[in-house]
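Enquirer: Sharing a structure, written as structure tokens. Questions coming.
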Amino acid sequence: MKPVKKKKTEEPELEPLCCCEYIDRNGEKNHVAACLCDCQDLDEGCDRWLSCKSVRPETCERITDTISDRLRIPWLRGARKVNISIVPPLVLLPVFLHVASWHFLLGAVVLISLPVLALWYYYLTHRRKEQTLFFLSLGLFSLGYMYYVFLREVVPKGRVGPTQLALLTFGLFLILLALYRAKKDPGYLSNPVGNDKTPSNSQIECPIKKGQEKTKGFPGTDTSGSLNNRTLKDDIKGSSRVGLDSPVKVKEDWCAKCQLVRPARAWHCRICGICVRRMDHHCVCCVGESNHQAFILALLIFLLTSVYGISLTLNTICRDRSLFTALFYCPGVYANYSSALSFTCVWYSVIITAGMAYIFLIQLINISYNVTEREVQQALRQKTGRRLLCGLIVDTGQYNRGFLRNWYQFSTLGTHTAHIPAEDIV
């Protein structure tokens, strides 16, 4: 008898979503037009606020989650979710700058408050280990809005030539290009255990605590004999090798979160949630071995372009005055709204440029001493580094090979192959 073939149960096909429909966080189909419906948490929060009662923290979190889930824009095959952290800069920055252009005192208050609020939000998100697009949105929108004000308020006055405008536009394009390169892979470390199921010659098998399952070892480890988990970690942490070009011993480190052996100077980024080779710091993106040069280049181009744009604007609205004098003394600048807005944007650009110049200076110093920002902070906490110039320079002495060799090594970052010995990553 021929075996009877069982008919496969056909799963019902889901109906395609229209441009305004989406699947919410509860797994249900929803519509953009219903964004204000079923807001029990928001109603409860408003009732408690109107009755002068404190809103519970869990209610605030549910309100934030609901708003971020329903903030969407119509798109093909379903509405796309918009990250709520990119919205405040788009709304608040033009409002604050226009208010600051009304009067000199308002301008002083607003321009002082903006950096304070940005720093507060920075420390708040870093303390909670949250990923946010706020600073990337603020940076990109600031560039775009300053350029828009320049085209609308400064260029029509007739003192900016086509060559100067083309040069400023080209500088803006180079900034965006360098930022795009800096946002790419900073040098993430992948877990060798999850990438390959068969051990290679440079890998070992070692029983874990249960003694039955086996996990692969790590490149560069001795393959003779079996090691338990604790012995392996202690041996890896305590092992050090002397490279041909390195004057110091470099130790490998074990990351319990990524379950891999980190090469020297690699670190686990708590915001990205993954280990990064030669990690420097995390700002709008994680800066590591592969994108550190692009980050420095973006800072340099930004500083040159910003100073050039500031000088063009001040030469237009404050004629026959030097750049420094016009910045602090420009009579009649608040006589009309156009020049007042341009002058306010100049001071906003000066504040941002000063902050970026400080970061650029610190980066240049760290590169000259061959230290990363993470190593500097760790040395300051452990009081192991040598502090110079009131703490502006921190020399750990571990990887410093001299000024020229340090800069040569920085210029060759990211040119190594995918797998390199730990002692070469310095």
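For all residues, glycine too, the Cβ spot is worked out from N, Cα and C.
Quantities reported herein were computed from a predicted structural model and do not represent experimental measurements.
Pulled these from TrEMBL:
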type     : residues : note
TRANSMEM : 82-99    : transmembrane segment
TRANSMEM : 105-124  : transmembrane segment
TRANSMEM : 133-151  : transmembrane segment
TRANSMEM : 163-180  : transmembrane segment
DOMAIN   : 251-377  : domain 'Palmitoyltransferase DHHC'
TRANSMEM : 294-317  : transmembrane segment
TRANSMEM : 337-361  : transmembrane segment
Enquirer: Could you give the residue numbers and ranges of same-chain residues that sit at least 6 residues beyond the transmembrane segment (163-180) on either side and whose C-beta is under 8 angstroms from one of its C-beta atoms?
Expert: 139-140, 143, 147, 150, 155, 284, 294, 297-298, 301-302, 304-305, 308-309, 312
Enquirer: For the domain 'Palmitoyltransferase DHHC' (251-377), what's the model's average pLDDT?
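Expert: Mean model confidence (pLDDT) across the domain 'Palmitoyltransferase DHHC' (251-377) is 89.
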Enquirer: Under the DSSP assignment, what numbers of helix, strand and coil residues are found in the domain 'Palmitoyltransferase DHHC' (251-377)?
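Expert: The composition, in the requested order, is 70 helix, 17 strand, 40 coil.
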